[in-house]
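Student: Let me give you the structure first, and then I'll get to my questions.
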Amino acid sequence: MLKSTFTPIFWVLTPKPNPQNIPSKALTRNFFTNSTPLVRHNASLNPATPSTPASAYIHLPFCRKRCHYCDFPIVALGSASTQTHLDPRVSNYINWLCREITATKVNQPASSTPLQTVYFGGGTPSLVPPALVSSVLETLRVKFGLCEDAEISMEMDPGTFDAEKMREMVALGVNRVSLGVQAFQEELLRSCGRAHGVLEVHEAIGVVKSCGVENWSVDLIASLPRQSSEMWEESLRLTIESQPTHVSVYDLQIEQGTKFGRLYSPGEFPMPSETQSAEFYKMASRMLSDANYNHYEISSYCKSGYECKHNFIYWKNKPFYAFGLGSASFVGGLRFSRPRKVNDYINFVQNLENGLVDSSGDGHIQGKDTAMDVVMLSLRTAQGLDLRSFQESFGGSAVLSLLEAYKPYVESGLVVYLDEQRRTIRIDDLNYSFLNKPNTEKRVAYIRLSDPEGFLLSNELIALAFGVIDSWKDCFPYQEAEAT
Amino acid sequence: MGYLSKASRTLRQSNYLSLLCSLNFNPLTNRITHGRFSVTRELFCPQSRQYSTTTRDKSAIDLSQYPPELVRNFSIIAHVDHGKSTLADRLLELTGTIKKGHGQPQYLDKLQVERERGITVKAQTATMFYKHSVNGDDCSDGKESPNFLLNLIDTPGHVDFSYEVSRSLAACQGVLLVVDAAQGVQAQTVANFYLAFESNLMIVPVINKIDQPTADPDRVKAQLKSMFDLDPSDALLTSAKTGEGLEQILPAVIKRIPAPPGRSESPLRMLLLDSYYDEYKGVICHVAVVDGILRKGDKISSAATGQSYEALDIGIMHPELTPTGILLTGQVGYVVSGMRSTKEARVGDTIYHTRTAVEPLPGFKPAKHMVFSGLYPADGSDFEALNHAIERLTCNDASVSVTKETSTALGLGFRCGFLGLLHMDVFHQRLEQEYGAHVISTVPTVPYIFEFSDGSKLEVQNPASLPSNPKQKVTACWEPTVIATIIIPSEYVGAVITLVSERRGQQLEYSFIDSQRAFMKYRLPLREIVVDFYNELKSITSGYASFDYEDSDYQQADLVKLDILLNGQPVDAMATIVHSTKAYRVGRELTEKLKTVIDRQMFEITIQAAIGSKVIARETISAMRKNVLAKCYGGDVTRKRKLLEKQKEGKKRMKRVGSVDIPQEAFHQLLKVS
C-alpha cells in the first residue's frame with residue numbers, strides 16, 4: 001500500500017539535497033507528507049481492524065564461524081564447509097523454516113495483503129544454496145502472496161558467493177543486497193574474527209555491481225578495537241567510491257557472552273574512547289552527507305529513494321512476520337521471539353503445527369507501551385515523531401508533555417521541532433497555544449533528534465520521553481498505533 | 001526484633017517440648033541437686049517467649065523466698081570485644097538459666113545489629129537462681145544451702161548510651177569489670193569504670209581471655225592498680241571460652257557485692273530500666289523494685305509523665321518473660337501495663353503506686369540529642385513507607401527525636417536527633433534490617449548555636465536552615481564539644497597527636513598507663529568526630545587505638561555555612577557548617593568527590609562550593625558525548641526497549657536539582673568527606 005502510492009511521487013519530487021543543511025530533511029518532507037494521510041486513514045486510526053503484516057523477516061542462521069562481537073542466534077558450520085547444499089543441517093533447517101511459514105495462522109486470505117518486503121537476515125544468508133532460498137520464497141508466495149515489485153533483501157558476506165550465485169539469487173527475485181563489509185582493513189577484519197579479508201570485500205563489491213543489483217548497501221562497523229580515525233576515514237572513503245545506494249554504519253556494541261565482551265570494556269583501550277567514538281559517528285555523518293547520502297535513520301544512509309523499505313516497517317511500528325531461529329515477529333500487537341536453539345526451535349514449529357502455540361497476539365496492547373515503542377522507533381528516524389498522529393492516538397496532553405520535556409534540548413540543539421512543512425521552528429517562536437489550532441503555520445508537527453548531536457545522545461533523549469510517558473495519568477488502550 | 005523467626009523455630013520444636021513436658025520435672029530442684037557444670041535438664045526453650053510460660057511449672061518460682069539478703073543485682077561492664085556477652089552466656093548456662101549449646105550465642109544481644117557489631121544497644125536483664133553456701137561449706141553437712149536470686153543487668157557499653165548505662169547501674173550494687181588479658185585497659189574500660197565508681201558500686205575485676213597466647217594478666221593487674229587503684233589480688237582470672245576460672249565468679253558476686261538496700265515496708269518505688277514494644281503484649285518495661293512490693297493488678301503511675309496504668313502482667317526474665325504475679329524489694333523483672341508506646345516509658349523514670357506520695361528516684365533526665373541527620377526515602381514515593389518504619393522503630397527506641405522536614409533535592413523526609421554517632425548508625429541499620437527501609441541520610445551535623453547582631457540566637461540542627469546570606473550579621477557561633485579519652489600503644493602517640501590537632505583538639509591530659517600504653521584526654525569539637533574520626537584513628541594506629549568520649553560544653557568557634565551548587569542552584573541537602581579554617585579544603589574535597597559520582601549528562605555541569613556568595617571551589621563535568629544504540633531492527637525492539645526503560649528507571653531513582661540528576665550514591669559519598 002505504501003509503495004504503490006509514494007514511489008512515483010517520490011522520484012519526481014525529490015529535490016537535490018541541500019548542500020549544507022540536513023539534506024534528509026528536504027527529502028523526507030516529500031517522502032512522508034505524501035505517505036502520512038494514507039497511513040492514518042488506513043490503519044493506525046482505525047483500532048477495530050488491526051492491519052495485517054505485509055513484511056516478512058527470514059532468519060538464515062548459518063555462518064562459517066562466529067565473529068567476535070556477535071551474539072546473534074547463529075549456527076557455525078565450520079570454515080571447511082563451502083558446499084552448503086550438501087550440508088544436511090542447512091537443508092533440514094530450511095525444511096523446518098518452510099513448515100513454520102506454512103503452519104502460521106493468518107486472519108485474512110492471502111490475496112488481501114501480499115508481502116511487500118522480504119528480508120533474509122542472518123547469520124550469513126548468502127551461504128544458503130539458491131535452490132533452498134527459492135523454496136522459502138515459494139512457500140511465502142503460496143502462504144501470503146508476494147507483490148510483483150516486492151523488496152527482497154538479502155544480507156551477503158564477502159567470500160561466500162560468486163557471480164554465478166549472485167545471478168541465481170537475482171533470478172529468484174532478490175533485488176536488494178546488504179553487503180557485510182564491516183571494514184576495509186585487513187587487521188581489523190582479522191581482529192574481529194571475520195571469515196573474509198579485504199580482497200574478498202573488493203571482489204564481492206565487483207560481483208554485486210556486475211550482476212546488476214541496483215539497490216545495495218555497504219554495512220560498516222565503527223569503533224572497533226584499535227580502529228584509528230585514519231582507518232575509519234579510509235573505510236568511509238572506499239565505501240563512497242564503490243557507490244552503493246545505501247550505507248549502514250553500526251557502532252560496535254560490546255555484548256555480554258561474546259569474545260569481545262570477555263576481552264574489552266566500552267571506552268577503555270583498545271576500544272576507542274567515548275569522545276573518539278562520537279567523532280567517528282560525526283565523521284560518517286559528515287562524509288556520507290557530503291557524498292549525497294541522506295542520514296535517514298540513526299545508523300542508515302541512502303541515496304535518494306533507496307531507503308530500506310523493510311527496515312522502515314520496524315521504525316513505523318508496523319506489523320511484520322518473522323520466521324526462523326531466534327527471530328522476532330510483531331503480529332496482532334504481540335512481539336514474539338522464537339527459540340534461539342535449533343532443537344527448541346524445532347519443538348516450537350511442531351507445537352505450532354499442532355496448534356499448541358500461537359505466535360500472534362489478539363491485537364490488545366497497553367497504550368503506554370505502544371506510545372513508548374512509537375517514540376523510541378520514530379525518533380530514530382530523520383522524519384521524527386509525527387505529532388498529529390501521536391495526538392490522535394494518545395491525546396493532546398500527551399503531546400504537550402513531550403514538547404515540554406524536550407524544550408530545554410531544543411535550546412541546546414539536540415532536539416528539533418518542525419512545522420507541517422518540515423521547517424525548523426525557532427525556539428523564540430515556540431508557543432504551545434498554537435498546538436490547539438491545527439492549521440496554524442507555526443504548529444509543531446514533528447519532533448526529531450538533530451544530526452549528529454541528537455542522534456548521538458538518542459538513548460538519553462528517548463529515555464527522557466519514556467519517563468514522561470510513564471508519568472501519564474491514563475492512556476487509551478489503542479490497539480495499534482504506528483509511527484509515521 | 002526477629003521474633004517472627006523465633007516463632008517459626010519454636011513451632012518446629014514443639015513436639016520435642018511436649019515430649020519433655022510429659023516427664024514432669026521439677027526444674028528448680030533438679031537444678032539444685034546437680035552440680036554447677038552438670039547439664040541442667042530444665043524444661044526451657046530459649047527461643048520462645050510464648051512457650052516458656054506453658055512449659056514451666058509456674059509454682060516453681062516463689063519470689064517470696066528471696067528477701068533482699070538473698071538477692072544480688074549486678075552488671076557486666078567492659079570494653080567492646082573483651083568478652084562481656086560470652087561471659088554473660090556462660091553465667092546463664094552455669095545457673096541453668098539457658099541450656100548449654102541450645103541458646104544462641106550472645107544470648108542477651110537480641111537485635112541483629114547487636115550481634116553483627118558485637119555491641120549491646122538495649123539493656124537486658126536476666127534472673128538466675130544459684131545455690132551457694134555462705135560459709136563456704138558444701139552441702140554435705142546436711143544443712144540446705146540458701147538459694148540466691150541473681151539479676152544480671154546487661155547494659156549498653158557505648159558512650160552514646162551512657163545515660164541508659166547510668167540508669168542500669170543505678171539498679172545494681174556491683175559490677176564485673178571485664179578486661180581482656182591481652183589488650184588490657186581500654187578507653188571504654190576507663191569510661192565504664194568511672195560510671196560504676198561514681199555510682200558507688202562494688203567493682204569485681206575480671207581478667208578474661210586468659211587462654212590467649214598473648215595473655216599477660218600480671219600486666220593487666222598492674223594497670224588496674226595504677227589506673228583505678230584496684231587491688232591486684234581481687235582480680236579473678238577467667239576464660240569464658242574454655243570455662244577456666246568461671247566457678248569463682250558467682251561466689252565472688254555473692255560475697256563481695258552487697259544486697260540491695262531497699263526497704264520492703266516502704267511505699268513502692270521502681271526504676272524503669274528500659275522498655276520494648278511487643279506485637280502482642282504492647283510495651284514491656286524492665287524495672288528494678290527499689291522499695292516496696294509490686295503485685296499483679298496494682299495501679300501504678302509514672303513520675304515523669306504522671307500517667308497511670310495497671311500492672312497487667314508482672315514477672316521476671318528467666319531469661320524469657322516468666323510471670324510471677326509479684327516483684328519484691330530488690331528484685332528485677334518486667335511489667336506489662338498497657339502502655340501504648342515506649343515514648344511513655346522513659347528510661348530512668350520512677351514508677352510508684354497510684355495515689356501514694358513518694359520521692360522520685362534521683363537522676364532522671366530526658367534524652368539529649370547530640371547528632372542530627374536528615375533521613376529521606378531513597379525512592380521519593382516511599383515516604384509513607386519510611387514514615388511507617390520510623391514510627392515503628394521509635395516505638396522501640398524512644399530516644400530518637402523525629403521531625404518532618406522538606407528538602408528541594410530530596411523531597412519529604414525527617415530530621416532525626418540521636419544520642420550519638422553509634423546510636424545514629426544503629427538506627428539506620430535497624431531501619432534497613434528490621435523494616436526494609438531504604439534511606440538516604442544527609443551528612444550528620446551537630447547542634448550549633450548562632451547569634452545575630454540583633455541579639456537573636458538560632459539553634460541549627462540542619463545547615464540548610466541557616467540563611468546563606470543572612471540579613472543580620474552573625475556575631476558569634478558556638479559548637480558542642482566532647483572530652484575524648486584515647487588509649488594507644490606509645491609508638492602511635494605522634495600520629496595521634498597530629499590527627500587530633502587537625503581536628504582542632506585541645507590536649508587536657510597525657511600520661512602513660514604502663515611502659516607501653518599512653519593515655520590521652522582531649523577536648524574535641526563534636527563536629528570533628530562525627531563522621532570518620534574513629535576510622536581514621538583506627539587506621540593510623542593499625543587498629544590498636546581505643547577511643548571513647550563524653551559530652552562537654554559548648555565553645556565559641558569561627559563557623560561558616562558551606563553551600564554546594566550544581567549549575568548555580570544550591571543543593572540544600574548538601575549544605576554543611578564547617579570551621580572557617582577548613583572551609584576551603586572541605587569545599588575542594590566535596591566538589592572533587594561530587595565530580596566522581598555524578599554521571600555525565602547531556603549538558604555541562606558545574607559544581608561549586610560557596611560561602612555566602614563567594615565561590616571557593618569549582619569543578620566541571622563535561623557533557624556526555626554519545627549514548628546511542630547502533631541498530632534497532634525487528635528483533636531488537638523488545639530488548640532495546642527494556643534497556644531504555646532501565647535507563648529511565650535509573651533516572652527516576654536519581655534526585656534532581658534544577659536539571660541535574662544526582663545519584664543517591666552522591667549523598668552516601670559525601671558522608672565520607674568530613
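Placement of Cβ uses the backbone N, Cα and C atoms for every residue, glycine included.
Please treat TrEMBL annotations as automatic predictions, because they have not gone through curation.
Given the structure is predicted, the values throughout are model-derived calculations rather than measurements.
According to TrEMBL:
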BINDING   B:78-85, B:154-158, B:208-211  GTP binding site
DOMAIN    B:69-261  domain 'Tr-type G'
Student: Let me check the 10 A CB neighbour count of B:ASP81 (GTP binding site). How many other CB atoms are there?
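Tutor: Cβ-Cβ neighbours of B:ASP81 (GTP binding site) within 10 Å number 16.
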Student: Where does the mean pLDDT land for the domain 'Tr-type G' (B:69-261)?
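Tutor: Summing pLDDT over the domain 'Tr-type G' (B:69-261) and dividing by its length gives 83.
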Student: Reduced to three states, what secondary structure does DSSP give B:THR155 (GTP binding site)?
Tutor: coil
Student: If you count Cβ atoms within 10 Å of the Cβ of B:ILE210 (GTP binding site), leaving out that atom itself, what do you get?
Tutor: 21
Student: Would you identify the secondary structure of B:LYS84 (GTP binding site) according to DSSP, in three states?
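Tutor: It is helical.
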